[in-house]
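Working notes for the structure below.
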Amino acid sequence: MRIDVVTIFPSFFDVLEVSLLGRARDRGLLEVRVHDLRDWAHDRHRTVDDTPYGGGAGMVMKPEPWGAALDAIAADAGERPTFIFPSPAGELFTQATARELSTASRLVFGCGRYEGIDERVFAHAATLGDVRLMSLGDYVLNGGEVATMAMIEAIGRLIPGVVGNPASLVEESHEDGLLEYPSYTKPAQWRGHEVPPVLLSGNHGAIAAWRRDQQLERTRARRPDLLSDPSDSTGT
Ligand code: ADE
């Protein structure tokens, strides 16, 4: 997969060099190219924002640098990319979204700052590829960079070969619509706390049943919204 990121803070993404995704890059599974939006701003101050039409607080990102950046990146693509613009006004980014996007060959993330990007940029991007506005959740970040990092990690680890043991991807939170069961390792006794005896029993059927119960109990207690979704597949 190739991922392009357009941002006014390229150094934000230096951290991609380390850890799991750094290794994925080294092994050729994932190529990430980070671009400075100001490279496409041609006035003396390399301006990327201006005041909003109609008034209001804050600044809006100008369409011209974005248009030039997206044109250049799309032309370099060969195939139509999917453009993802992080935004608190976007659709919710979930594990299902991450799984869907992990099969794409080209993703382009556009990181907005200030009060957002001139709306016409999204219409222009739609002439170059698919466009998704994505929100991480119901809170507001200062810009799209942190959200982009989170989405790259969630998507990147689902690319085949990035995570060493694919089985570890199956049993985690949100893969089956429930929260993950609790995990324990040695020692069996620690500071007066015990590992649940069923996990030491060697009875695989009983362990699987206990884990399922724990998933349901946790989900009910912490995220009842996941159980009340009529489209959920857990049969509860
Ligand atoms: N940019 C600002 N807030 C955001 C959010 N909650 N999700 C994605 N992008 C954002």
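Just so it is clear, glycine is given a Cβ too, placed from its N, Cα and C backbone atoms.
Because the structure is a prediction, the values reported are computed rather than measured.
Taken from TrEMBL, the feature S-adenosyl-L-methionine binding site covers Gly112, Leu136, Gly137, Asp138, Tyr139, Val140, Leu141. Per TrEMBL, the feature compositional bias 'Basic and acidic residues' maps to 217-226. Marked as domain 'tRNA methyltransferase TRMD/TRM10-type' by TrEMBL: 1-228. The region 'Disordered' annotation in TrEMBL covers 217-236.
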For this session: Give residue numbers and ranges for long-range contacts of the compositional bias 'Basic and acidic residues' (217-226): same chain, 6 or more residues beyond its ends, CB-CB under 8 A.
Result: 177-179, 181-182, 232
For this session: Only counting partners 6 or more residues apart, tell me which same-chain residues put their Cβ under 8 Å from the Cβ of Leu136 (S-adenosyl-L-methionine binding site).
Result: Pro86, Phe93, Ala147, Ala150, Met151
Problem set entry | Residues that sit under 8 angstroms from Asp138 (S-adenosyl-L-methionine binding site) by C-beta distance, when 6+ apart in the chain | Pro88
For this session: Please report the DSSP secondary structure of Gly112 (S-adenosyl-L-methionine binding site), reduced to three states.
Result: coil
Exercise. Using DSSP, what's the helix, strand and coil tally for the compositional bias 'Basic and acidic residues' (217-226)?
Worked result: 9 helix, 0 strand, 1 coil
Seminar exercise, completed: For Val140 (S-adenosyl-L-methionine binding site), the three-state DSSP class is coil
For this session: Go through the binding-site residues Gly112, Leu136, Asp138, Leu141 and pull out the ones with a Cβ less than 6 angstroms from some atom of ligand 1.
Result: Leu136, Leu141
Exercise. Taking every protein chain shown into account, which of the binding-site residues Val140, Leu141 has the largest tally of Cβ atoms within 10 Å of its Cβ?
Worked result: Leu141
Seminar exercise, completed: Across the domain 'tRNA methyltransferase TRMD/TRM10-type' (1-228), the model's average pLDDT, rounded to a whole number, is 94
